[in-house]
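Feature annotation from TrEMBL assigns domain 'Pyrroline-5-carboxylate reductase catalytic N-terminal' to 3-96. Residues annotated as NADP(+) binding site in TrEMBL: ALA67, VAL68, LYS69, PRO70. Among the features that TrEMBL reports, domain 'Pyrroline-5-carboxylate reductase dimerisation' is placed at 159-263.
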Amino acid sequence: MTTIAVLGAGKIGEALLSGLLSGGRLPEQLMFTERYAERAAALTKQYGVRVVDVPTAVRDAEVLVVAVKPQDIDPVLDELAPVISPRNLVVSLCAGLPTSLYERKLPNDVPVVRVMPNTPMLVGQAMSVISAGRHASPQHLVLVEEILGTVGEVIRVPESQQDAVTALSGSGPAYFFFLVEAMIDAGILLGIPRNVAEKLIIQSAVGAAAMLAQTGEHPVTLREAVTSPAGTTIMAIRELERHGVRAALLAAIEAARDRSEELGKAHES
Ligand SMILES: NC(=O)c1ccc[n+]([C@@H]2O[C@H](COP(=O)([O-])OP(=O)(O)OC[C@H]3O[C@@H](n4cnc5c(N)ncnc54)[C@H](OP(=O)(O)O)[C@@H]3O)[C@@H](O)[C@H]2O)c1
C-alpha cells in the first residue's frame, strides 16, 4: 500500500490520519510533520504514527498531503523544493491555493492534486472535491480518491470550478449550522426549552440529510411530501419565500465564490 505523509497535522490532518487508520492503513504506512513537539508526541501516542521531518517524508512517502493553513504554505514549499522528486505526489488540502503555485515553486514536474475538503471530515463525512494539476495523471486521481474516500465522499471537477466549490461545499456546512441556529432560536421564541429545541432541530437535520442521501429523491419531492394543502408547512414556506430566503442563498453563495477568487489572486504571481 502507498505510504502517506501528512504535512501539518492540525484538525484536518489529524482527521485524515484517523480516517486512514480506520480505513485499514497501518501506522507504519503513515507519518506526519508537525511544528510543536508536544502535539507531535500526543498524536504519536494516540495513533502510533511517527513524526518525521520534511526530507524523511519525501524519502519515505509517495504521497505528501499538505494540510497547513494557506498562509503557512511558503516555508513548506521552501522545505520541499530541494528534496522533492516526481515519484512524490503532492495532495494539497489548502483552501484557495492553485496547483500552479506548487508547479511554479517545486522542481521536476512534480504531480499535484488540489482538494477542497470540508470540516465534516472530522466525523468521517467530508465532501472532498479534487482537481488534477498539469502533471497529475488519472492514476494519481484514483489514488487520491481512494485516500480521501476513507473520510467521506470524493468528486472530481476541473480546477476552474474550485472557487465555486469552495462557496458550495467548502463553506456549505457553515450555512447549515447557521440555519440550525436560527431554527433553534425559533423554538425559543415559541417557548420551547433550549435543550429540547436543539434536540428537535438537530435530529430533524440529521433525518432530512439521511433522506436526501439515501432515497435519491429530489429535494422538491421530499418537501412536497410534507407540504399538505392549507397545512402548516405551506404557511412557513410562504414566509420563507416572502423574506427572500432562496434569493439570499443565491447571493450568499455567489459572494463566497467571489471572495474565494479574490483570495486566490494573492497566489497568482
Ligand atoms: N477546517 C476547515 O474547515 C477546512 C475546510 C477546507 C479546507 N481546509 C484546509 O485544510 C488545511 C488545514 O486546516 P486546519 O483547519 O486543519 O488547520 P490547523 O488546525 O491550523 O492545522 C494546520 C497544522 O499545520 C501545522 N503547521 C503549520 N506550518 C507547518 C510547518 N511548516 N510544518 C509542519 N506543520 C506545520 C500547524 O501547526 P501550528 O499549530 O503550530 O500552526 C497546525 O497543526 C488548511 O489549508 C485549510 O485551508 C480546512
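Positions of Cβ are set from backbone N, Cα and C atoms, glycine also.
A TrEMBL annotation is a machine prediction, not a hand-curated record.
Overlay of TrEMBL feature records on the structure.
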{"residue": "ALA67", "record": "NADP(+) binding site", "contacts (Cβ under 8 Å, 6+ apart)": "VAL6, LEU7, GLY8, ALA9, GLY10, ILE12, GLY13, LEU16, LEU93, CYS94"}
{"residue": "VAL68", "record": "NADP(+) binding site", "contacts (Cβ under 8 Å, 6+ apart)": "LEU7, GLY8, GLY10, VAL76, CYS94"}
{"residue": "LYS69", "record": "NADP(+) binding site", "contacts (Cβ under 8 Å, 6+ apart)": "GLY8, GLY10, CYS94"}
{"residue": "PRO70", "record": "NADP(+) binding site", "contacts (Cβ under 8 Å, 6+ apart)": "CYS94, ALA95, GLY96, LEU97, LEU263"}
Model confidence over the domain 'Pyrroline-5-carboxylate reductase catalytic N-terminal' (3-96), as mean pLDDT, sits at 95
Within 8 Å of the Cβ centroid of ALA67, VAL68, LYS69, PRO70, the other same-chain residues by Cβ around the recorded NADP(+) site are GLY8, GLY10, VAL66, GLN71, ASP72, ILE73, LEU93, CYS94
Taking DSSP helix as H, G and I and strand as E and B, the domain 'Pyrroline-5-carboxylate reductase dimerisation' (159-263) has 89 helix, 0 strand, 16 coil
